[in-house]
Amino acid sequence: MIPTPASRLAVVVVAAGSGTRLNGGAPKAFVPLGEHSILHHALRGVFAGPSAQVVIVVPAGYENAARAAVATAGGHDVTVSVVTGGASRQGSVAAGLAALDDGVDIVLVHDAARALTPPVVFERVFDAVAAGAAAAIPTVPVVDTIKRVDVAGHVVGGVDRSELAAAQTPQGFRRSVLAAAVAAATADHTDDASVVASAGHTVVTVEGDALSFKITTAPDLERARALVAPHAAATDDPTAPPALPRVGLGTDVHAFGGEGALWLAGLEWPGETALSGHSDGDAVAHAIVDALLSAAGLGDIGTHFGTDRPQFAGAHADAFLNHTVALLRDAGWRVGNVAVQVQANRPRFAARRVEAEQVLSTALSGAPVAVSATTTDGLGFTGRSEGVAAFATALIVPL
Ligand SMILES: Nc1ccn([C@@H]2O[C@H](COP(=O)(O)OP(=O)(O)OP(=O)(O)O)[C@@H](O)[C@H]2O)c(=O)n1
Ligand SMILES: C[C@](O)(CO)[C@H](O)COP(=O)(O)O
């Protein structure tokens, strides 16, 4: 980091949004994340970064709650101003800029919603602007295949993801550049770099961080809570890695009567009756997903694979398990091992058990999977051959 007098730098923390997509019962920055609020965690990252004046922009009526968050986050020695936000994010940024001290010449604008951003990201952005850039933003690569989709939901083309990057915050600027661009803006932009770029300035990028994800929806909040919970008691540092392995439990049931082939434990079973379900009805894979998500404290299969996700309609085990591994990885975990038991009269697993274990293990990035199968001596719905039940346990370990 380039050392500069504290008076040069200010961080504007925009926390005035309503959190419509989160629907958390309070403006988003004031929704609980562990023992404290989202804003408290965001401020911990800000206070651990480069020395700065800090301006917090909040909804009307939340000024005192913001001052309380400053105290719990350890901002006793920091110059902090709390101001009321605008109707849009850009309006809130303008309100924050109006509260800057005279000596400030570099400004970082940070979303409170990116509450677990590591302090090193603030340093990277500040260093880039202090080294001469008019504007610098942290970005991360886009990992999904991106499609253009029309209003009917049909794919109309692809986008080369090598040309794309996902923008995060804090976004850093020469104060004069940002203030002039915001004052001259005629359109509402979703980030500050767009405001400055539309005024003709070059925006450079620095490395972002997976922990800087934005808490936008309920699954994001679950993920943030899972990151904060395991280590908060031990270290009180939300950016420290989780310390202990964790275990989880999952079950699933599907009835026979689906269309097409039977899919179970990641295998197709020619000649067997299919299971019904939104996806392929693979109760073994779904029980494993629930076991892994419960171990990580990331909710359950409905949280991430509900019927509102058309991409998982008809999907097989590999799609479910790959996505679950990615969710765990983003939360700081990898799969240790999985054990799953199937209760069913059919199919008979003995001849294909090893094959099933290999397929499931491959979908879990190589973690060992043990599959066992049993019947119930004619008792219950599995004994009457009405369906299949599966029970899974999982161990996950910190990355
Ligand atoms: N009028 C607004 C709108 C947004 N923000 C802030 O901008 C950041 C990013 O916005 P977003 O995640 O979209 O938050 P919300 O607007 O609260 O969410 P939603 O769009 O779901 O209502 C958040 O820290 C939010 O508090 C703000 O300060 N003032
Ligand atoms: C500023 C931002 O976080 C960069 O990714 C983002 O643009 C905030 O607004 P959004 O409407 O939630 O995209």
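Each residue's number is its place along the chain shown, starting with 1.
Using N, Cα and C of the backbone, Cβ positions are placed for all residues, glycine too.
Because TrEMBL annotations are produced automatically, they should be read as predictions rather than curated entries.
What TrEMBL records for D252, H254, H286 is divalent metal cation binding site. Applying an 8 A CB threshold to same-chain residues 6+ apart, the list for H286 (divalent metal cation binding site) reads G250, D252, H254, S279, I301, F320, A390.
Per-residue pLDDT, averaged across the domain '2-C-methyl-D-erythritol 2,4-cyclodiphosphate synthase' (246-396), gives 93. Per TrEMBL, domain '2-C-methyl-D-erythritol 2,4-cyclodiphosphate synthase' is recorded for 246-396.
Annotation comment: TrEMBL describes 1-245 as region '2-C-methyl-D-erythritol 4-phosphate cytidylyltransferase'.
What TrEMBL records for 246-399 is region '2-C-methyl-D-erythritol 2,4-cyclodiphosphate synthase'.
Around R21 (site 'Transition state stabilizer'), the same-chain residues at least 6 positions away in sequence with a Cβ under 8 Å from its Cβ are T216, T217. Taken from TrEMBL, the feature site 'Transition state stabilizer' applies to R21 (among others).
Within 10 Å of the C-beta of K28 (site 'Transition state stabilizer') we count 27 further C-beta atoms, all protein chains included. Per TrEMBL, the feature site 'Transition state stabilizer' maps to K28 (among others).
The feature site 'Positions MEP for the nucleophilic attack' is assigned by TrEMBL to R161 (among others). Within the same chain, residues at least six positions away from R161 (site 'Positions MEP for the nucleophilic attack') with a Cβ under 8 Å of its Cβ are P141, V142, V143, D144, T145, I146.
In the three-state DSSP scheme, K214 (site 'Positions MEP for the nucleophilic attack') is classed as coil. What TrEMBL records for K214 (among others) is site 'Positions MEP for the nucleophilic attack'.
What TrEMBL lists as site 'Transition state stabilizer' is H278 (among others). Taken residue by residue with DSSP, H278 (site 'Transition state stabilizer') is part of neither helix nor strand, so it is coil.
According to TrEMBL, the site 'Transition state stabilizer' annotation covers T375 (among others). According to DSSP, T375 (site 'Transition state stabilizer') sits in a coil region rather than a helix or strand. Annotation for T375 (site 'Transition state stabilizer'): same-chain Cβ neighbours under 8 Å, separated by at least 6 residues, are Q343, A344, N345, T382, G383.
With a CB cut-off of under 6 A applied against ligand 2, the recorded sites K28, K214, H278 are reduced to K214. The recorded positions under consideration are K214, H254, H278. Their Cβ neighbour counts within 10 Å are lowest for H278. Residues R21, K28, taken from the recorded positions R21, K28, H254, H278, are distinguished by a CB atom under 6 angstroms from ligand 1.
The record gives D252, H254, H286 for divalent metal cation. Within 8 Å of the mean position of their Cβ atoms, the other Cβ atoms in that chain belong to V253, L275, G277, G281, D282, A283, V284, A285, A287, V388, A390.
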